[in-house]
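Novice: My questions all concern the structure below.
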Amino acid sequence: MPLPAFLTQRHGELHVEDVSLDALARAHGTPLFVYSKAAMLQALGAYQRGLAGRAHLICYAMKANSSLAILQTLVRAGCGLDIVSGGELERALAAGCAPERIIFSGVGKTRAEMRRALAVGIGCFNVESRAELAVLDEVARAAGRRARVSIRVNPDVDARTHPYISTGLKDNKFGIAHDEVIDTYRQAAACESLDVVGIDCHIGSQITQAGPYLDALERVLDLVEAIELTGTRLHHIDFGGGLGIDYHGDTPPAADELWAKLLQRLDVRGFGDRQIMIEPGRSIVGNAGVCLTEVLYQKPGEHKNFLIVDAAMNDLPRPAMYQAYHRIEPVRSRTDTTALTWDVVGPVCESGDWLGRDRELAVQPGDVLAVLSAGAYCMSMASNYNTRGRAAEVLVDGAQATVIRQRETAADQMRLETPLP
Ligand SMILES: Cc1ncc(COP(=O)(O)O)c(C=O)c1O
Ligand SMILES: N[C@@H](CCCC[NH3+])C(=O)O
């Protein structure tokens, strides 16, 4: 299977751009996340090409990877940010994102988060329930500010993805149910401190076909027509994120090709003049990163061969959480060892702590493996379970490698705790 473009084999060694992964692992230790700046900008470029010539704002969904240097890279390349918490708001500001280019999604915004977002002047709140609408109005009024809102509608389409990351079906907690949308817009229009500016939908994640997007688009545009008949004009249409990446032979549409299809339908239906907003996460950073891990022990058995590595479910939670597949490649190929079929597992005390099952690998203890497609929802979902420090991160730009996050120490982890006297 071909490697992502930013990863190449040179003299039997895997490189990210012009930097050897083996050398990075030796210099900085493992587990280590390594990202390619070029790969991120290339992924973003496909959206920028697809939306060129249209009023648009690409708000990178920072939950996918919220490391400051990654945010700075994307903000400097023209992105706004989609946030889902007060913590993400502070990171977005620290990364230099203009507040008016920040949109706030999520079903459970607290009053304190709303107050802070209003105080800094974010661009828009994506409101997810009628109760939230009332609270936001109250908070804005008390603060003497106006809140721009877009309502997240649940178009009830099947994104055809993993049930845990599907969000646009009526059984999901997200968005306003299709048949309540008009009443909710009426409620919003009547709120003293709210300005209704848009409509929003996000149907799920790791979507690998254009069909669900096209279905959602038609349903959202039906709603836009009905809403505008009530006298509220919608300035922007936000289609969320969700475009998938190739983890294991997946073939999602390219962002520019998908957008050519969507824009064509928008034009046909007479909404081509609206500002387009999108919230892509995984498709920008997912295949721009790898996680390096060292082989600690081989544990061959009668039924299973276990390869115990130093990265674990706390670093790479996706296999344990979703049975997700991540490719695993040795960073140096070996000719002196026969390949065996291994279950690649971490040191955490859980049977669910595995990174890959039944992988054919020719490896010895001390070798370094690269877990691919680790740019999204890995570091940002990492935890300290088993008091394991979170990994270090490196950003590669050509031949230059910059440590963008140091490895977390045990002292870092205990810093906020107060031991008994
Ligand atoms: C509201 C919202 N927007 C954007 C995203 C980003 O999704 P993805 O990383 O699949 O592009 C998510 C996560 O699925 C989300 O919940
Ligand atoms: N964490 C999920 C994606 C969640 C999408 C968030 N709305 C994953 O790794 O696939």
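Just so you know, glycine gets a Cβ as well, placed from its N, Cα and C.
Annotation comment: TrEMBL describes Cys349 as active site, proton donor. The pyridoxal 5'-phosphate binding site feature in TrEMBL is assigned to Gly242, Glu279, Pro280, Gly281, Arg282, Tyr377. Annotation source TrEMBL lists substrate binding site at Arg282, Arg318, Tyr322, Glu350, Tyr377. Annotation source TrEMBL lists domain 'Orn/DAP/Arg decarboxylase 2 N-terminal' at 47-285. The N6-(pyridoxal phosphate)lysine annotation in TrEMBL covers Lys63.
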Novice: To the nearest Å, how far is the Cα of Glu279 (pyridoxal 5'-phosphate binding site) from the Cα of the residue listed as 'N6-(pyridoxal phosphate)lysine'?
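Specialist: Their Cα atoms are separated by 10 Å.
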Novice: Three-state secondary structure of Tyr377 (pyridoxal 5'-phosphate binding site) from DSSP?
Specialist: coil
Novice: Of the recorded positions Lys63, Arg318, Tyr322, Glu350, which one has its Cα closest to the Cα of Gly281 (pyridoxal 5'-phosphate binding site)?
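Specialist: Ranked by Cα distance from Gly281 (pyridoxal 5'-phosphate binding site), first place goes to Lys63.
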Novice: Kindly point out which of the binding-site residues Gly281, Arg318, Tyr377 have a C-beta less than 6 Å from some atom of ligand 2.
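Specialist: Within range of ligand 2: Arg318, Tyr377.
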Novice: Here the recorded positions are Lys63, Glu279, Gly281; which one has the lowest number of other Cβ atoms no more than 10 Å from its Cβ?
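Specialist: It is Lys63 that, of the recorded positions Lys63, Glu279, Gly281, has the fewest other Cβ atoms within 10 Å.
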Novice: Let me make sure I understand the structure: which of the binding-site residues listed (Gly242, Pro280) has the fewest other Cβ atoms within 10 A of its Cβ?
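Specialist: Counting other Cβ atoms within 10 Å of each of the binding-site residues Gly242, Pro280, the minimum falls on Pro280.
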Novice: Any idea what the Cα distance is from the residue listed as 'N6-(pyridoxal phosphate)lysine' over to Arg282 (pyridoxal 5'-phosphate binding site), rounded to a whole Å?
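Specialist: Per the Cα atoms, the residue listed as 'N6-(pyridoxal phosphate)lysine' and Arg282 (pyridoxal 5'-phosphate binding site) stand 9 Å apart.
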Novice: Looking at pyridoxal 5'-phosphate and its recorded binding residues Gly242, Glu279, Pro280, Gly281, Arg282, Tyr377, figure out the farthest C-alpha pair and report it in angstrom, whole number.
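Specialist: Those residues reach a largest Cα separation of 15 Å.
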